């Protein structure tokens, strides 16, 4: 009798994706983040569903409904904070996952990489819209400032902003449509993640050495299922420490003040995971230039495969490129810090220098280091 796992049309797909999948024998813990992102997405969809049962997307009651969830709903507080801090964990895993792709040259799988960039944009859009829903001060002003950036687009900018707002300012129509989009986008993300996996399994996983591993494969289960559980335990422990001991550590105190269109907060800033892009936006004095730099700060990932000049795939045996990679990481941390600071001296200058360094490292220094390392191979 044939094993049902290998014969059943539906279970067969799961079997080929998670059980009998041939995986390289030497992939490290950096390959954990894909499965952790799947766990984060599932957690966000489930907690979000329970929150949506009690939330009302109306400007008069949105803030009160979130308060009601925390005070009156059974375990509502833990659901709300799991959702809010789960988003932070999602982005930590996401940035680690992208960083691993850049370090080990996984961007050479162009379809998988491009779908990944689409996923990154979609997750960022979803997180932004979710931040608007509690209708606190930072929700309202964050929505106003970020949507207003579209007015920098020539000719159609102003009409586009008013079309998105559903009026002449961020109001009830905006909140309702943002809730609708925030609810549907995670399911689109799930579908895109399926396509991402489909393309990945066409080629097989990359590995730290960057060379083909066709001759040395092991089954995904039990080896990597067990290995992924370790990463999962670390993720759950970190998340629960955040949720149970300091749930507001990564949030903004201004969001505990109900939205007031007549009172602007002293420092309008997005959630911490967008601060690097926000710093790049603010570092350019021109509005359209800032918006373009903001979009390009993420879109630059799409041209990394074109700029790959090295004969080696990953950075495992390329010390010069490794130095530049960690310089880029330090630069992104600097930008994140700058994004949370007020717009004054010396933060403006530091932000501008960090922004220049970010783009020049990715577009100029890394391709040059690849060429230099190719020359060094001949010595």
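Every residue gets a Cβ built from N, Cα and C, even glycine.
Among the features that Swiss-Prot reports, heme b b562 binding site is placed at 83, 182, with the record citing similarity to another entry. Listed in sequence order, 48, 126, 129, 130, 133 are the same-chain residues at least 6 apart in sequence whose CB falls under 8 Å from the CB of residue 182 (heme b b562 binding site).
Residue 196 (heme b b566 binding site) carries a helical DSSP state (H, G or I). Around residue 196 (heme b b566 binding site), taking its Cβ as the centre, 21 other Cβ atoms fall within 10 Å, counting all chains. Swiss-Prot lists 97, 196 with the feature heme b b566 binding site, giving similarity to another entry as the kind of evidence.
Residues or ranges marked as ubiquinone binding site by Swiss-Prot: 201. In the structure as shown, the Cβ atom of residue 201 (ubiquinone binding site) sits within 10 Å of 14 other Cβ atoms. Annotation note: residue 201 (ubiquinone binding site) sits in a helical segment as assigned by DSSP.
Here Swiss-Prot flags 33-53 (among others) as transmembrane segment.
Taken from Swiss-Prot, the feature transmembrane segment applies to 77-98 (among others).
Among the features that Swiss-Prot reports, transmembrane segment is placed at 113-133 (among others).
The transmembrane segment annotation in Swiss-Prot covers 178-198 (among others) and rests on similarity to another entry.
Packing against the transmembrane segment (226-246) from elsewhere in the chain are residues 29, 32-33, 35-36, 39-40, 78, 81-82, 85-86, 88-89, 93: each is 6 or more residues past its ends and has a CB under 8 Å from a CB in it. Summarising the annotation, Swiss-Prot assigns transmembrane segment to 226-246 (among others).
According to Swiss-Prot, the transmembrane segment annotation covers 288-308 (among others), on the basis of similarity to another entry.
Under the heading transmembrane segment, Swiss-Prot lists 320-340 (among others).
Positions annotated as transmembrane segment by Swiss-Prot, on the basis of similarity to another entry: 347-367 (among others).
There are 21 other Cβ atoms within 10 Å of the Cβ belonging to residue 83 (heme b b562 binding site).
As a quick check, the transmembrane segment (178-198) and the transmembrane segment (33-53) clear the bar of 3 or more Cβ pairs under 8 A, pairs 6 or more apart, so the two touch. Most Cβ pairs under 8 Å to the transmembrane segment (288-308), among the stretches 33-53, 77-98, 113-133, 320-340, 347-367, belong to 347-367.
Between the CA atoms of residue 97 (heme b b566 binding site) and residue 201 (ubiquinone binding site) there is a gap of 17 Å. A helical conformation is recorded for residue 182 (heme b b562 binding site) in the three-state DSSP classification.
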